[in-house]
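Take this structure first; my questions come after.
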């Protein structure tokens, strides 16, 4: 058999041909039709149709299964995307809630506003920049000639927007920048909203509330826009952040006075209410014992009780603080979505509200602490102060006998030593642990009164301005000072300060004792004593120390000047003595020349020895060296 025949035979053996024909022939044998060829042809045709239908059904089933799988895959993908979106939204919500909690609980919102708050807003809303300005007087350079707490502000000019807070991306651009209210559109957030006029033809029309913020959807189309850099396409949003601040000395004083009044009034009203309740119960009992009707009595008592007014504490004294939160998408060529504006406004309002509530809470705590301190004193503060003052005077009297000679020869030095004895007693009072603890209670206060006293004590003890003040101001950084410097070591360093002797080390002008004396002159001793008795002792220590330091320098300089004068007088006396000696010798030699017979008998060495024994030279003291006192200024 040829290869061609083999190929043809293999072709016929294929299941799709040979097997089908075999099945048809088998069916033909079984059925034995009358027209076998016609039957076989029809059988083959039916088989072909059946096979085609079978293939089509299989294809349809496959397509159906494929569609089902694709649908299931799409659903899984959609569910996955929805789950991912939910997780992202949940994560976003957690981030927002976490920061909201931080805003509500933070103690120092004035620090939070500097970087963390604008950075959060910029990141969350994918802004180009976020920066915050404070409406206040322009900032100016401080110097040593004006150490007022507001010396860093130029109060003689109009207020401007000082940019104080910025996201990381905006700090290089916005740090130190200012903006006048009439420049650009930002200042409009501080303007009062104009009332919307009612349409007389449509009195029932609902008035749409004007937004508090300023929004520019396309900055290049706003001619009033002010730029701190080259203009770029994008939007700009300015949100007011305004709150009522109460963390200041005046508010503390008013709040303390009001709370004392409120508590007294509350106690009186509570006693009055208890008395009325007692009277009512007695009257009610009497009527019940007599079997009389009590309805009228009860009705009158209930009406009287309902009309009884409780004691009410007045709100804190406040001052308005105004800030503006600025957001932009410059360079992104897009608007800020309405939902984003709403959320930015909500965060800004939350920040202002939380700041105000936190300050109220902190001031209330300070007032309670002050009242607890007053109640903890063993006696009234003025009685304690009187005891302290008597101890000072007694110590001066006890030491007076040690300086009785000075009283007749140098009254200035005598009084100096008596005041030193008083200072010694004040120092002794400050070594008392209980007195130290009274002062250290102030570490827990958010508002401290008379901060300039603490500031100048620290100056005198050698602390630098940059170490204890808010940067570029003369304002004490109370947060840092109370946490880092007010402790037992503070008192140790203070008590080790010696106002006597020279101080050659370089001292900055703001720490000169004469300047410190001038700066603390404004403080009333009685007011400081009333605030905190140990604080009053510290003020007295500072005043005594500065006063006595200056006197010590004066007295030592006077003594040095006197020693210089005495030394010069001795030198002049010795020079005069030598001149007189030379004159006497010249005269003697002249006499000898006139009487030559005496020349051999004259011994010049013996003559000089006799002269020096009769007119001895005074010993000249060592040269007097001036002492350096670089901690005080003296003016002619």
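Using N, Cα and C of the backbone, Cβ positions are placed for all residues, glycine too.
Keep in mind the model is a prediction, meaning the values are calculated, not measured.
Dumping what TrEMBL says about this protein:
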{"type": "COILED", "residues": "50-97", "note": "coiled coil"}
{"type": "COILED", "residues": "252-304", "note": "coiled coil"}
{"type": "COMPBIAS", "residues": "581-591", "note": "compositional bias 'Basic and acidic residues'"}
{"type": "REGION", "residues": "581-636", "note": "region 'Disordered'"}
{"type": "COMPBIAS", "residues": "594-606", "note": "compositional bias 'Acidic residues'"}
{"type": "COMPBIAS", "residues": "607-621", "note": "compositional bias 'Basic and acidic residues'"}
{"type": "COMPBIAS", "residues": "622-636", "note": "compositional bias 'Acidic residues'"}
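Could you place the listed features in the three-dimensional structure?
Beyond the compositional bias 'Basic and acidic residues' (581-591), the same-chain residues lying 6 or more positions past its ends with a Cβ under 8 Å from any Cβ of the stretch are 598, 602, 604, 607-608, 611-612, 615.
Mapped onto DSSP helix, strand and coil, the compositional bias 'Basic and acidic residues' (607-621) counts 8 helix, 0 strand, 7 coil.
Helix, strand and coil counts under DSSP for the compositional bias 'Acidic residues' (622-636) come to 0 helix, 1 strand, 14 coil.
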By a Cβ-Cβ criterion of under 8 Å, what residues six or more beyond either terminus of the compositional bias 'Acidic residues' (622-636) are in contact with it?
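For the compositional bias 'Acidic residues' (622-636), the far contacts come to 501-507, 509, 511-515, 549-550, 553, 556-557, 560, 563-564, 567.
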Just give the helix, strand and coil counts over the compositional bias 'Basic and acidic residues' (581-591), going by DSSP.
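Final tally across the stretch: 11 helix, 0 strand, 0 coil.
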Could you pull out which residues elsewhere in the chain have a CB under 8 Å from any CB of the compositional bias 'Basic and acidic residues' (607-621), counting only those six or more residues past its ends?
563, 566-567, 570-571, 573-574, 577-578, 580-581, 584-585, 588
